[in-house]
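Engineer: Okay, handing you the structure first.
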């Protein structure tokens, strides 16, 4: 069964006339990527704020470790399958089904606040969220990488990343405000109001998905359609997803994908969760996710408007992230060695937890945590930019992004269980640093081999062989 996709290039004879420019045109890539950013602001953005509290806001992080293990194990499967689901269901329904699982997850921790003897509900909700997140992020990746013009892809990725992480910023303010007056030395879970507020935002995000337009209605300012997909089938998607595991481009992305969420467990549970007071952990997340907005904007601007050719900009982007990452993880190692020699409480946390009012004592660990957020956004935005440069068709890109998110989530599932099994914090840090270091030369190789200076080709797959075809011609998949 064939699927015909119309991709970037000179408008075909039946193309739409040049669209009116402006921020208010609803079927423009800018409007749809912005809408997507607000959906992710409400759903995964708030989830990030909740996770960033360390232990999901609970005193004992084991419940969050187990829930997140179930989450990311399912995400690993449904992330890979999500690209096929997007191609079959379309972005609106795929996003809607994914978004509905976020408030269920937050609600499970509200339930656990009152029924802490059973982990069944949080773990089940985590597994369901893993499936839903796989759908949501596959649709997100297809929209974000295929709708923008090729020469503004980095800018659109940055726009999305800023809106998405604004959710983490606001979400960090919720536990900071609701738990501000908790006694300094009282170990406590966040209160019910915090979880209810998270649920309200997540439900609003699910409602926003009904406003997403079908891909065939998206028209760029120059009159070209972002993509037009006529139909697909389960057999087609199953075959194309299976081929990803032998695709050399995806194999070069694999270590970066594995590393890109692996470090969250260490940073959230073992830096923010162990060093700081409850209210300060919320405040730290405001700046962690705010740093992501700065990092994504900076790397996005460089990748689109840098002085060199596109391939050189990609290569220099990898070098910049590698240098910054090495410096930040080096600082992290110094902080971890300091923490190893400090007095601990019975949970292994810093006995005299740091508060944001502690002045110089707060400044160093805060700067490190801020830098972790900066590096995360730059690293992931770079990966998305590289993936977006590999093809121009939303079907191909939805599968590529689904593969990326699936591998990413498999790594995260392993990381949560590593923490649950009490592996030493220094070992966790070294593994995180090593995984990122391994990924840098492989990303540079991918840029060198697969990113073209001109956006004049699209990777297509036919009869098991990859080949380039001109963008002005339709591409068929069998």
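Note that the numbers count up from 1, one per residue, in the order the chain is shown.
A Cβ is built for glycine as well, from the same backbone N, Cα and C atoms used for every other residue.
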Engineer: In TrEMBL, which of 30-50, 219-239 is labelled transmembrane segment?
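Structural biologist: Feature transmembrane segment in TrEMBL: residues 30-50.
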Engineer: Taking 52-69, 268-285, 286-303 as the choices, which stretch does TrEMBL tie to transmembrane segment?
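Structural biologist: Checking TrEMBL against the ranges 52-69, 268-285, 286-303, the transmembrane segment one is 286-303.
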Engineer: Given 344-365, 366-387, which one carries TrEMBL's transmembrane segment label?
Structural biologist: 366-387
Engineer: Choose the correct range: of 1-19, 96-114, which one does TrEMBL annotate as transmembrane segment? Give that range.
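Structural biologist: Within the set 1-19, 96-114, TrEMBL attaches transmembrane segment to 96-114.
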Engineer: Applying the under-8 angstroms CB criterion, which one of 70-89, 248-266, 286-303 scores highest with the transmembrane segment (366-387)?
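Structural biologist: It is 286-303, which has the most Cβ pairs under 8 Å.
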Engineer: Any chance the transmembrane segment (248-266) and the transmembrane segment (120-143) have 3 or more Cβ pairs under 8 A, given the pairs are 6 or more apart in sequence?
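Structural biologist: Judged by the Cβ rule, the two regions do not touch, with the required three close pairs absent.
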